[in-house]
Amino acid sequence: MGNSGSVWWTVVECACRILGVSTATVLCAVGVETVQQGEFNSLGIYLITSSVGIMMFELAYFLDSLLSMCIPCPPNWQVFVLWGKMARVGGFHKFLYYSIMSVVCFLHPVLVWHAIIPVRMCERQTFVKLSEEKLIPKSDILSLLRTYNCYHEGKNFQLRTREEDGQLILEGLLNIYWGLRRPIRLQMFDDNERFRLNRNEISTAAKQASAESNNNSLNREPRPAGGDIGGQEEEDSPQLLRTRSDASFMRVQRRSNTHTAGDLQRLRTHRFSINGHFYNHKTSVFTPAYGSVTNVRVNSSMTTGQVLNLLLHKFRVENNSEDFVLYMVHESGERTRLKNDEHPLVTRVLYGPCEKISKIFITEADLGEEVTYDVAQYIKFEIPVLDSFVEKLKEEEEREIVKLTKKYSSLRSMILHQLEGRGHSSDGV
């Protein structure tokens with residue numbers, strides 16, 4: 001009974017020591033990772049030191065057992081006596097050492113802070129959101145960000161980072177290319193204030209317009225009395241030069257006709273200031289030049305809808321943001337729509353900084369269409385080449401149809417033959 005009890009406690013002791021070694025290994029790995037992150041170096045060093053101490057206590061027992069079996073030594077050697085005491089340190093000593101480690105662990109400033117607010121430790125994010133369903137490891141984003149900023153070195157397009165509630169936030173300029181097919185309309189008001197002319201400005205403008213009208217009348221043929229040419233009535237909007245504002249790189253036109261002083265009265269009801277430029281609200285309809293670029297300052301927490309709202313607000317566009325979508329357009333012709341819960345700045349970093357390879361386009365929601373990678377491979381081929389592909393596919397399809405028809409015809413004949421055989425056998429019975 002005594003021997004069996006001794007064996008039992010030896011097994012328990014070995015199991016506990018193995019468990020201690022595995023715990024020390026985990027602590028060491030966590031400590032090394034903490035030091036590599038560089039945020040809580042003191043905590044990482046403490047974890048590494050503690051794990052080394054635990055390993056020394058626990059592994060020394062197994063090492064002593066192994067050496068005692070392999071190397072016979074005189075029992076009176078002082079070195080082996082000290083080694084044996086350390087290898088087989090009592091349970092009380094280990095309990096005291098582990099207790100001190102636990103107290104020091106809980107007194108660490110970082111752990112005290114997380115003990116006061118334990119949710120912070122659990123919710124500490126090591127991922128960056130690409131969308132509600134997709135998360136990108138923080139280390140991968142930081143690696144891609146270094147490449148992104150290196151590409152834009154010395155330019156305003158470098159992205160900055162900051163921590164907010166334990167979450168990594170990127171912020172900077174995002175290029176967006178215009179891909180609209182229909183015109184957009186600017187707002188009729190600028191900060192809820194109409195454009196107004198005082199009386200002095202009206203009289204001065206009237207004199208200038210009258211003088212221009214007199215000068216131009218010498219170079220024009222007289223109009224017929226009463227006369228609208230072709231029965232068409234001219235627009236009542238006065239001459240306005242649409243300036244090349246920040247709103248856009250837009251295609252603009254200047255009306256060549258001049259107007260009299262009487263038209264200036266209508267100017268007050270149709271002319272407004274938008275982004276520091278004056279526009280006639282009846283003609284302030286713009287079609288952005290396809291492929292022209294603009295930019296907005298965003299951060300990585302902003303979704304696609306928020307970026308669209310920011311872009312339209314910047315240019316005082318009165319169209320609803322739900323009428324537009326963002327697409328990632330690749331050089332190969334592949335087009336991927338950014339979902340409403342996706343974060344465009346994170347997507348831009350993932351696809352890389354080179355906009356020759358991929359660009360973010362704003363397009364109409366009802367005109368945009370996704371193009372998969374498989375389809376994009378054939379976009380750049382000429383029509384005759386594509387026609388030949390279609391012919392080859394049709395030929396292959398016809399061959400498969402003939403093959404399947406023969407296969408099922410033979411199966412049908414076999415089934416009918418079996419049914420006829422069973423019919424004859426039943427008649428004979």
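Using N, Cα and C of the backbone, Cβ positions are placed for all residues, glycine too.
Nobody curates TrEMBL annotations by hand; they come from automatic prediction.
Features reported for this protein in TrEMBL:
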TRANSMEM  43-63  transmembrane segment
TRANSMEM  95-116  transmembrane segment
COMPBIAS  206-219  compositional bias 'Polar residues'
REGION    206-247  region 'Disordered'
DOMAIN    279-367  domain 'Ras-associating'
DOMAIN    375-422  domain 'SARAH'
Handout entry: Mean of pLDDT values spanning the domain 'SARAH' (375-422)
Key = 89
Completion exercise
Helix, strand and coil residue totals from DSSP for the domain 'Ras-associating' (279-367) stand at 22 helix, 30 strand, 37 coil
Problem - the domain 'SARAH' (375-422), counted residue by residue under DSSP: helix, strand, coil - result: 42 helix, 0 strand, 6 coil
